[in-house]
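K.L.:
According to TrEMBL, the record shows the following:
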type: BINDING; residues: B:C73, B:C78, B:C114, B:C118; note: [2Fe-2S] cluster binding site
Amino acid sequence: MAKTSSTLANKKTVIKTDLAGQTLVTLRTLTEENPAALATYEKLGGYAQLKRLVTEQVKAPEIISQVKVSNLRGRGGAGFPTGLKWSFMPRYYDGTKYLVCNTDEGEPGTFKDRDIIRYNPHQLIEGMAIAAYTLGARVGYNYIHGEIWQDYEIFETALAEAREAGYLGENLFGTNFSFDLYAVHGYGAYICGEETALIESIEGKKGQPRFKPPFPASYGVFGKPTNVNNTESYTSIPWIMEHGGQAFADLGVPNSGGSKLFSVSGHVEKPGNYEIRMGTPFKDLLAMAGGIWKGRQLKAVIPGGPSTAVMPASAIENATMDYDGLSKAGSSLGAGSMIVMDDTTCMVKTLKRLSYFFYEESCGQCTPCREGTGWVYRIIERIVNGKGKMEDLDLLTDLSNNISGRTICALGDAAATPVLSFIKHFRPEFEYYIQHGKSMVDGK
Amino acid sequence: MLIQAHIQAHQHVPGGLMPLLHAIQDDIGYVPDAVYPDIAKALALSVAEVHGVVTFYHHFRTHPIGRHVLQICRAESCQAMGCGKLEAELKSRLGVDYHQTTQDGQFTLLPVYCLGNCGCSPSVMLDDEVYGRMDTEKVSELIDEVCHG
Ligand SMILES: NC(=O)C1=CN([C@@H]2O[C@H](COP(=O)(O)OP(=O)(O)OC[C@H]3O[C@@H](n4cnc5c(N)ncnc54)[C@H](O)[C@@H]3O)[C@@H](O)[C@H]2O)C=CC1
Ligand SMILES: Cc1cc2nc3c(=O)[nH]c(=O)nc-3n(C[C@H](O)[C@H](O)[C@H](O)COP(=O)(O)O)c2cc1C
Ligand code: SF4
Ligand code: FES
């Protein structure tokens, strides 16, 4: 019956999204009545892969090779090949190894992982348990974004169900494989999505990123080898184990395997999460989301979250939604958080808000990021207040180039990218604002 | 006395500082700086480390606040869907600016950057619940509900 998905967290307003045209991998329980329940997931073959791999004692290299074949790339935004990352974990190690799931998604416009823990928490748990078995991790944490309390509870309930059913805990399926998984609360800091900041936060410290290398695979939680993956990455694993790496790769295009969740928001008729095959044309995705609202024109798209470059309509209209497709078109896939802007959007004001976000969220460790993001924000604010000068545009570009690549973590680059791309593609709008002291778009 | 109980419950948990601060805030609504020395002592940290963690995370509050917390999302999707109007109207309705508490001590108004509910913008969060597709009227109803319910 209920062939609908919703992206909302409360009983009062639920928006429905037609499932037609989607390829459900990580949200496959959405076709069922009670998507988050253990019984639902088991009915769809859930936990069978974990049980098979563990009871048949399938060897780690065999599992890792399937993950490599699948072409699964990290869904947290960086797109690092998951199979390759797994192969970095030390095989023989006398001590606790850890597994961490990154459900911090704090980037504006990103809301896919919350739907996974809300509608299909067991597939995530199974994916993590398979990873733990493969990598020899004894303890796992799922670090969940601070503002989503209701979803946190759904995940806690699923954990309890899985423990009760013998999918988590000591000596699983009568073997010597044991795995404990815990939920950890984030506390509303965007930077804690960066994997090493997240690790510091799990340890009970300020979420300030560490230098990489060493990568978490050699120095992670409490200094122990740790594998960090995004929620959607782990949740893809049971499907890959069931159907084989090749089948997953075949869902997508070369270099981008699988289905991928896209969070579509902004000026569309039907915002929400859409799970579609990698390589789907942008136009099809936009059509699924109901097209631009109120019959207006498309102006620009931020395809992968604010840390990816903005694209004018002309650049994205013929692009495909996959790693290579978007990078050829001048941006990147990021976490698949697509923010759509119609022709009434003032790019200058939009950039002001984005730059405030990065300024506010900088952890303050590196001078270029801490000071640079503040300067960028103040200059754009000055422009918006009608006090901008023409030189400001070059100054902004220069400042951003000096943040990029000179910091401990990628937040510095993430902050510079919008500034550079907004000015590059919408320079006349910025110039108009400076000359007239008001927006070319809304006249205010 | 209560705070001591929280400290005892968390002092031997690895990485226990954050859950401890959380428990304290849940209990009394904020983390008073007067308890930093006790926490530091129990967890073998410096007072500066405790202070650092409390002030780093937006979630932790250092001062008492209203009985209820209303957060309005100001990030991209919600801006596109008109949260600017919503925040102006709510500020005037409640008679407070961001980070202030209403005179009757009922509500504290806070800005927040993305509640992960962008598909249903504009979003607000009242205490622990997120609400989507909001306008001033609907938020006012929620406010009335928590005041009288
Ligand atoms: N989902 C979200 O809300 C957000 C996502 N992002 C994304 O995050 C990305 C940046 O993330 P980072 O973790 O800084 O990228 P990264 O490129 O440093 O690392 C990607 C992953 O591969 C691993 N890795 C890379 N090289 C390795 C090596 N030689 N040995 C072992 N492991 C290795 C890292 O440990 C990490 O897990 C950006 O591209 C951005 O799109 C940024 C902000 C928010
Ligand atoms: C500022 C910043 C924020 C990040 N936020 C997230 C996040 O919310 N979720 C996430 O999975 N990865 C995030 N990342 C990327 C992580 O550092 C890491 O690459 C990812 O969790 C690895 O998992 P994956 O390989 O499965 O993508 C962020 C990176 C940076 C620099
Ligand atoms: S780049 Fe910014 S957020 Fe990242 S560690 Fe440096 S100061 Fe912190
Ligand atoms: S932008 Fe408001 S909930 Fe995401």
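Each Cβ is built from the backbone N, Cα and C atoms, and glycine gets one as well.
Unlike curated records, TrEMBL annotations are generated automatically.
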K.L.:
Output, ordered by sequence, the same-chain residues six or more apart from B:C118 ([2Fe-2S] cluster binding site) with a CB under 8 Å from its CB, or 'none'.
P.N.:
B:A75, B:E76, B:S77, B:C78
K.L.:
Is it possible to get the count of other C-beta atoms within 10 angstroms of the C-beta of B:C114 ([2Fe-2S] cluster binding site)?
P.N.:
28
K.L.:
Using a Cβ cut-off under 8 Å and a sequence separation of 6 or more, which residues in the same chain sit near B:C73 ([2Fe-2S] cluster binding site)?
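P.N.:
B:C73 ([2Fe-2S] cluster binding site) has long-range Cβ partners B:C83, B:V112, B:Y113, B:C114, B:L115, B:N117, B:S121, B:P122, B:S123, B:V124, B:M125.
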K.L.:
State the count of C-beta atoms found within 10 angstroms of the C-beta of B:C78 ([2Fe-2S] cluster binding site), not counting that atom itself.
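P.N.:
I get 30 for this one.
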K.L.:
Should B:C114 ([2Fe-2S] cluster binding site) be counted as helix, strand, or coil on the basis of DSSP?
P.N.:
coil
